[in-house]
């Protein structure tokens, strides 16, 4: 029987005893004879009653034969007169109250119960399992022994360099002497920085699973709560516990909640978070050398962290965790798919090529959506068709096949998307067009998907201008074929203007203004984002900027117009094909652009897309066989592997796999690269126009 059970039984026994005493005290003494009131009156009239004793509620008395009796007093106003008439002795006296000790119990027992309950909760809070009164105690969880994390380094894919640095940190704690012998100082802190979903917290969990030392984990929001001074107290308690368990690792997730830059702002010059940060700074820089406590932290907003928190001596290392490349995405897909049954035709390398810019969280969600899709179709294995549907769902949302649109609106969307596709297909420096659809998905009325041939981090001026021309191709197509323009191009115009403005004001790509950056951003640290831009240029420069934006947009618009006018027949063919089939994949677009007719519609668009993926996989396998054949005939295997891999990538790109999400690519590459996937929104999509920023 544990301590809690013993205390509960003791308090229960005390309560039962007290209740029993009260019942005993309030129990009425039993009378020898209990009469009804009418019987009592009959005996009075018969002269059988000798005397009565009238109390507050009862009438007690004695009959002439010596028998005692009791009856209830109903409050009869004529009772006294009746008793006098029949010469019954009457004794009327004040009702005695309860004894003094009973009254004492009435006041003492509630007070005693309150004290007992108070001490009970105090005992529970001091036992470590609860935090009822320990507001200043740290909420960090200790992972060691059976409570150690099950995540290991082999469960983290696509972050080889990041894992190497963290393995070194773990080795510092496991074998510190070999580093100390060389005069090396154990790092005091490691800061994991990167976009959301790239695996920073997962890396922390992997360190907890691999480290042979205690591991404390806590969130940045767990420090500051309702009471003043709680945050600093919890920081002190956390590091006191860490020192008792040294060597150990302390992991603070989302440290920007407590480590935001200090200074006067919307929150005032000094607040609870600032006091907590000051205590954290003192604790991190107050260690003895080689004490064996390493602080790990993760954040996706390193730009708002206090500079004193990031300096060497506190966070000696900053590890940037970016979105994975092609190889990393394939490894991540393998990790998430290893416990899921896949069909034989599933090629994760094809899926990885279709998802540039996806983070680890995106890929995990993709595989999970594919599993849900397969279960919905009552399948026991996941195939390429399910993965294709999952990619479309993650990128563009759920198909709105039930949405009813008029033929005129359908024609507007068809010509609009055909304009995007043709301009993007014909201009030499754009990404290949992989899918065009006029089926509404999510908030989009139709979309054109363009997949880059390789992971990109930089864009040239020519590529940006052609990107703008592709965005404007939808509006130009509406104007050429329908002699009318619609609100469907609103998001295209906004994005095109944004690209041109960035080219002029941030990238220095204007011929007239030259290689300069205009308009410095203001950062409000207590808001955690940039809410204003300094106008550090004159009105003449502002006029020149507006004029340059107009000229570049007009030039791109004219380029798109000339491209479509020269291929007006192809615009008509693709638009009609979209009206008929609703979705065109890369192979079908290529056939139409080459003047060929499409085969009859025999299967649904999902099956056509799946067939395209299977053909691509077969092409990849065929090239892999050719690679093995060529390896047998050449002496230099390494050179042959490199050449075959290049050919494999080139063939896959020529096959033009289906789409990828430009919006995801923008988020994971650089904030301004809103260039890989074009999704055109209707007038309903104004609320989603900032998705690509």
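If you go along the chain as it appears here, the first residue is 1 and each next one adds 1.
Cβ coordinates come from backbone N, Cα and C, glycine included.
Swiss-Prot has this to say about the protein:
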- 194, 195, 196, 197, 198, 199, 200, 201: ATP binding site (BINDING)
- 627-642: compositional bias 'Low complexity' (COMPBIAS)
- 644-666: compositional bias 'Acidic residues' (COMPBIAS)
- 680-693: compositional bias 'Basic and acidic residues' (COMPBIAS)
- 618-693: region 'Disordered' (REGION)
- 8-28: transmembrane segment (TRANSMEM)
- 101-121: transmembrane segment (TRANSMEM)
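Within 10 Å of the Cβ of residue 200 (ATP binding site) there are 26 other Cβ atoms, across all protein chains.
Excluding the listed site residues 194, 195, 196, 197, 198, 199, 200, 201, the same chain places 298, 300, 321, 359, 360, 361 with Cβ atoms within 8 Å of the centre of the ATP site Cβ atoms. Mapped onto three states, the DSSP output places residue 200 (ATP binding site) in helix. Highest Cβ count within 10 Å among the binding-site residues 198, 201: 198. For the binding-site residues 194, 196, counting C-beta atoms within 10 A of each C-beta gives the highest total at 194. The 10 Å shell around the Cβ of residue 199 (ATP binding site) contains 27 further Cβ atoms across the protein chains shown. Non-local contacts of residue 197 (ATP binding site) by the CB criterion (under 8 A, 6+ apart in sequence, same chain) comprise 359, 360, 361, 362. Other Cβ atoms within 10 Å of the Cβ of residue 195 (ATP binding site), summed over all protein chains shown, number 17.
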